[in-house]
Amino acid sequence: MCKYEWTGRRGGQHKCIVSKIIFYEDKNFQGRHYECSNDCAEMHNHFSRCNSIKVDSGCWVAYEKPNYTGYQYMLNKGEYPDYQRWSGFNDCIRSCRMVPPYRGNYRMKIYERSDFRGQNMEMMEDCPDLHESFHSRDISSANVMEGYWILHEHPHYRGRQYFLRPGEYRRHSEWGSSSPTIGSLRRVTETP
């Protein structure tokens, strides 16, 4: 499946960008494998466990559970010979989502309380330590106006990850977190 990107007004051309990820049952790219070039909400029929991954192109989010739930892992182009390399908590990957190519601006507003209430701050750059900038580690709602973002549970881009597409998130559970505690955030800037 091709994802198309506009190349400009002059030629009026689109170019085909194919994103591809390969999941392997065993470490070091061994055992049964499954190639994917678009979003997949349920991968259990293709393999029983996942111990290594190759991202040939594009940027992906892999999820521990079906339907894009559970632990989330941002995967850029490269090789991951075992699940510790993508900061995995176990060998379970059940769904994946491609991050569309994006070359625009980045803008997100974060809020201390649910429903866009309380202390707030507009973000346009990566932030390795939210407590230093925001003076709070609690982010209970967010409005992603431009770009794709990853929230991290701990400072300096460590711990659980939460992928946010453009849109409104009225409470932290809407991005898959059981807690409002966030330590850092960054823009998804990888392009195929």
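Along the chain as shown, residues are numbered 1 onward.
Placed from the backbone N, Cα and C atoms, the Cβ positions cover glycine too.
Per-residue confidence over the domain 'Beta/gamma crystallin 'Greek key'' (19-57) averages 94 (mean pLDDT, predicted model). Among the features that TrEMBL reports, domain 'Beta/gamma crystallin 'Greek key'' is placed at 19-57 (among others).
Long-range contacts of the domain 'Beta/gamma crystallin 'Greek key'' (58-100) within its own chain (CB-CB distance under 8 A, at least 6 residues past either end) are made by residues 3, 17-21, 23, 27-29, 36-44, 49-52, 148, 150, 158, 160-163, 176, 188, 190-192. The domain 'Beta/gamma crystallin 'Greek key'' annotation in TrEMBL covers 58-100 (among others).
Within the chain, the domain 'Beta/gamma crystallin 'Greek key'' (106-146) has long-range Cβ neighbours (under 8 A, six or more residues past its boundaries) at 155-157, 164-172, 175, 180-187. Look at TrEMBL and you will find 106-146 (among others) tagged as domain 'Beta/gamma crystallin 'Greek key''.
The domain 'Beta/gamma crystallin 'Greek key'' annotation in TrEMBL covers 147-189 (among others). Within the chain carrying the domain 'Beta/gamma crystallin 'Greek key'' (147-189), a Cβ under 8 angstroms from the stretch's Cβ atoms is held by residues 59, 61, 69-74, 87, 97, 99-100, 102, 104-108, 110, 114-116, 123, 125-131, 137-141, all 6 or more beyond its ends.
Sequence annotations record features per position, and here TrEMBL assigns region 'Disordered' to 173-192.
Panel annotation: around the domain 'Beta/gamma crystallin 'Greek key'' (19-57), residues 1, 3, 66-68, 75-83, 86, 91-98, 192 of the same chain, lying at least six beyond its termini, place a Cβ under 8 Å from a Cβ of the stretch.
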